[in-house]
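As given in TrEMBL:
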TRANSMEM  6-21  transmembrane segment
TRANSMEM  33-52  transmembrane segment
TRANSMEM  103-126  transmembrane segment
TRANSMEM  146-165  transmembrane segment
TRANSMEM  177-201  transmembrane segment
COILED    224-251  coiled coil
TRANSMEM  378-396  transmembrane segment
TRANSMEM  425-446  transmembrane segment
TRANSMEM  523-542  transmembrane segment
REGION    576-688  region 'Disordered'
COMPBIAS  582-617  compositional bias 'Basic and acidic residues'
COMPBIAS  618-634  compositional bias 'Polar residues'
COMPBIAS  635-644  compositional bias 'Basic and acidic residues'
Amino acid sequence: MSGAALGLEIVFVFFLALFLLHRYGDFKKQHRLVIIATLLAWYLCFLIVFILPLDVSTTIYNRCKLAVNSSPAESNGSYVTLAPSKQKCFKPWSYIPNGIMPIFWRVVYWTSQFLTWILLPFMQSYARSGGFSITGKIKTALIENAIYYGTYLLIFGAFLIYVAVNPNFNLQWNQLQTIGIAAANTWGLFLLVLLLGYGLVEIPRSHWNGAKRGYLLMKTYFKAAKLMTEKADAEENLEDIMEEVRKVSESIKYNHPLRKCVDTILKKCPTEYQERMGRNMDDYEDFDERQNSYPSEKSLVKLHKQVIYSVQRHRRTQVQWQILLEQAFYLEDVAKNETSATRQFVHTFHSQEPENKIIQYFYTPTVEWYWECLLRPWFYRVLAVVLATFSVIVVWSECTFFSTKPVLSLFAVFIQLAEKTYNYIYIEMACFLTIFFLSICVYSTVFRIRVFNYYYLASHHQTDAYSLLFSGMLFCRLTPPLCLNFLGLTHMDATISHKNTQPTAYTSIMGSMRVLSFIADGFYIYYPMLVVILCIATYFSLGTRCLNLLGFQQFMGDSEMTSDLIDEGKELIRREKRKRQRQEEGENRRREWKERYGNRDDSTRNRAVHTDQKESSFTETNANRPLSKYTRSNGRTERDRIELLQDAEPLDFNADSVNNDPLESDSGRYQPGGRYLSMSRSKIFDDV
């Protein structure tokens, strides 16, 4: 059982990261390297969060063994008994042997740092590049990252020169490594506190507001109005880009050297635009003889980049609009069903996707009504109270974790109480819940924030490659300081507890922060207190109000602009609802008509086939008989068929003579001037 827990968590975390990446990314359309790099970054960060509680329980057991070895003791099986106090040090079920965790943490940490500082920034520029070859994309990525990499190399080089020249510093390689780790963790802690202060307030408040049906419906109307504006903007932008592509496609013919680049751009366009612009692709043009101004390869690279961005944005807004419509329709159904006397949930529209039979069997309309109209609001309220309690404990501990005598951090109190009884299951559960809640507050903010249209994690496979890679960078930079902050809250970090005890394996690879005392004793201790100010600002929605003043419409109940957008969104939803109802009514009428007259149509069709067989047999028996002028025969039918085939040929309306074909002269089908006399009133009923 020593390595079973570690192995199970490694496998579970991998599938968790794969599930989340499948929800936000698109495995079929996005590049495999982007998927692999993002999956590796997410996987390593989630793995640190899940494995750290095992490291804590193993460290507590190792401390117990050290205490036993320093005092008279008796060994008995899987635990050690202290002679004076008769206490037992049980080996935890998830115990990891010595030597495994340091290697594991070293591999995970340095791999994540290589991803966040070197590989992922390069892949971001590579994914955004509009180059038409691998070499061109690599060249563009290197140029864009030259300033990024050069800044870090300049700072690091200046620091090395200062250390080499100053005789007061005698730094070794381990100390330089610790300084680099401290610099990375300082940057991560700075961003961590900002995201944590927002998540500690917004997550409980969002669940509390989730119990308010009217609030959710009004916010959905508000989102609909904003999304419609973004959707129209995306469609207009796509039309402009496609117009530029059309001009380029018409100017550069298939025999031009840059035609391959144009074909690559056309493949990235939507199908309807490809069909529209594909008509003039085969026209030949001698570009050497004509002195036309053709676009350069650099301008085509820029156009390729714009096409990729505009198509992705247009597709994302279309999908988000459909999802928002389904959400709005469902919330309106909930509001209608709250006053239902039958206590059965009735949907306005049937689900377009086939439902699972097992879910449909257990989740009946009655169960759905009780859950949506009665139980779900109370469940969200209880969950919001629990999350708010956790938030208060986190804020209190962040402000008091530096106090060791007395211990004021509540998380440290819980861990120390469990450590006295060596209840490893309680220790692991307390550690896991603590770090899991901190991770939820930080990571959920990463998933919610949106930096214009450059960074935006959209669900239902609508996140672009640039945003996926950027999220991997953020996770790799935020997770190490998050874990150090957790160890500080629980006083498992010797820098905070000021005890000469065995550190955790995770802390050992970070090195001693005493090399930089102003960071260890100053920034790491007092900066997390700013989370109180950030929580107060989030509670009063100061950031939302500032964005609203700057012109970025935000959902605020006391704003006139918000009321106007809610009314606009409500009208848009009503319009889409009427449109959907007309479509369903038309489909129902066609289905009823088919069910009512389907058999009659089949019998009519069979009767027609039987009649044709009789006529064909009658024609075969009379094929050798002489035809009379006044008898009804099949000759007229054959002539009509020949005429229908001849109608497909082009007519010469400037002909001076009339064709003397007896088929045409007898029927009077064609006369000089291109007139069809068979369509006149006197000729319509001649065969009747």
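Think of each number as a place in line: the chain as shown, counted from 1.
Even glycines carry a Cβ here, placed using N, Cα and C.
Note that the structure is a prediction, hence the values are computed from the model and not measured.
Beyond the transmembrane segment (378-396), the same-chain residues lying 6 or more positions past its ends with a Cβ under 8 Å from any Cβ of the stretch are 196, 200-201, 203-205, 207-208, 210-211, 408-411, 437-438, 441, 489, 531-532, 535. When the stretches 103-126, 146-165, 425-446 are ranked by Cβ pairs under 8 Å to the transmembrane segment (177-201), first place goes to 425-446. Summarised as a single figure, the pLDDT of the coiled coil (224-251) averages 92.
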